[in-house]
Amino acid sequence: MHKQTEIAKRLNTIIAQLLPFLAQEHQQQVASAVERAKQVTMTELNAIIGQQQQQGLQQLLMHASQVPGGLPVGPHPGGGLLGFPGAAPPPAPHPLLKQELHPAPAEHKPDERIVSRSPMSPADKYRPRSPEPEAKRRKPEKLPTSHDSDGDKSDQELVVDVANEEGSSPQQNGDLGGEIRENGSEKGSMLVSNIKVERPRSRSGSCSSNRSTPSIKSKEMGYDTHPHARVPAVASNGLPIPGGKPAYSFHMNGDGQLEPVPFPTDALVGPGIPRHARQINSLVHGEVVCAVTISNPTKYVYTGGKGCVKVWDISQPCAKAPVSQLDCLQRDNYIRSVKLLPDARTLIVGGEASNLSIWDLASPTPRIKAELTSSAPACYALAISPDSKVCFSCCSDGNIAVWDLHNQTLVRQFQGHTDGASCIDISADGTKLWTGGLDNTVRSWDLREGRQLHQHDFTSQIFSLGYCPTGEWLAVGMENSNVEVLHSIKPDKYQLHLHESCVLSLRFAACGKWFVSTGKDNLLNAWRTPYGASIFQSKESSSVLSCDISADDKYIVTGSGDKKATVYEVIY
């Protein structure tokens, strides 16, 4: 299976390289054909391969047997002559024919599925299923194997980010320029230091950073983040978009047709649309930061790592130490989700343990006021109802546990996912729940009737999702590096290609006009809802595992594999 996946990746790269040389009328057909090919099941694929092999084998038999015209072909090369007395022994099979007749035994490899109903370490969850191409690796480092336990790993091995990709150029962090990309052509993009510098627009391409601290120096360089997944940009009329840059946003209608999206002229301007973002703080947690959240009003940031949650007062300039530490789990177990109730007085923490802890933040010293215990060994994600009465937890056994926070009891379990439930969000009116799973499905649930409404099947594991606060659109981040934005009722959707690896977290702004996604490729991407115009992008120094946006849409916080959280100010 891994070999087939690697072959598919290489073929996809070849297609992307050859596509620009095709006529414009053929490019869209190829893009649609590739998308249809992704939907072929393994059973159908095996049937096609078997049919082709049979046809090829028959042709080889004809050539190898050298049968005179009119004689029947026997079951063996030369078989048509064996009926004649004194016939010579059959010739040795052609090497190619020998391979067809006696294929080498398949190499059996252990199943390397990311998770199967067992707690995941951050490294386990975010490891790709197939090896990355050798050309894209940096210095070799020891990867944790699927049978390693957390206790057998060093701190270094637990860091999700194993290596930055060599193709990216190091650049400085700081202000993140707006208008980074049009879909197929690029306007000016800037990446400067904390000292803001006005520059004329250039066509250098989008810029990003893989440094975690601001620098006086700045460097402007083109950066194509996903060349193997793009096709040359064409407008809706089929003509090339001026500039000829590859497209990264595609629309798929109900008929399965995929075409590049022509962005509206106001895609990156207008009320509520950021221009860029600026890094203002770095919170050194000391362990891989798997969970983050911001208080409302914006004052505190909560970072979840190994065993504990740390509380940071970001209203103080350059806060370098946490104001508090909440010891929630055993030392080697990771916090996977932290959620604040709207009153900011209660924090709920879930992770690699069967219990959720409820913390009273209003007391002089934060303390645990209750614990909720389930039968599942781990919780991967949490959601809180708008009225703060109910908590939903995504369990490693695939169930969605529903908790009454007032009575601190389990009132219901939604069952459907056949593997771990990895991510969750709730509609603004509190009537509908969305969950994603490691079983390659996204499911919606009716909270009034307590039943599943819909199921969306994908070809990749689901790592993150978010439901737009204003309704209609659901964004999904996947293991295969895609972000897909689905309409909650209509069959059409958008497919976005700017990430190079697993999309680990995703969050909508409260206004619903934009959202962010983060990935194992060290990227933070900000997208326009729903069509995915790139608003700004930041490249951090390690995998970005988690993110949150403040209630006023003015701040973004990310948690990463280099054991820190980064706070950005959103500039409008």
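Glycine residues also receive a Cβ, built from the backbone N, Cα and C atoms like all the rest.
Unlike curated entries, TrEMBL annotations are predicted automatically.
TrEMBL lists 1-56 with the feature domain 'Groucho/TLE N-terminal Q-rich'. The region 'Disordered' annotation in TrEMBL covers 68-223. The annotation compositional bias 'Basic and acidic residues' is assigned in TrEMBL to 97-115, 124-156. Residues or ranges marked as compositional bias 'Low complexity' in TrEMBL: 203-215. The repeat 'WD' annotation in TrEMBL covers 372-413, 414-455, 496-527.
Along the repeat 'WD' (372-413), the predicted structure has mean pLDDT 97. Counting residues per DSSP class in helix, strand and coil order gives 0 helix, 24 strand, 18 coil for the repeat 'WD' (414-455). Counted with DSSP, the repeat 'WD' (496-527) comes out as 0 helix, 18 strand, 14 coil.
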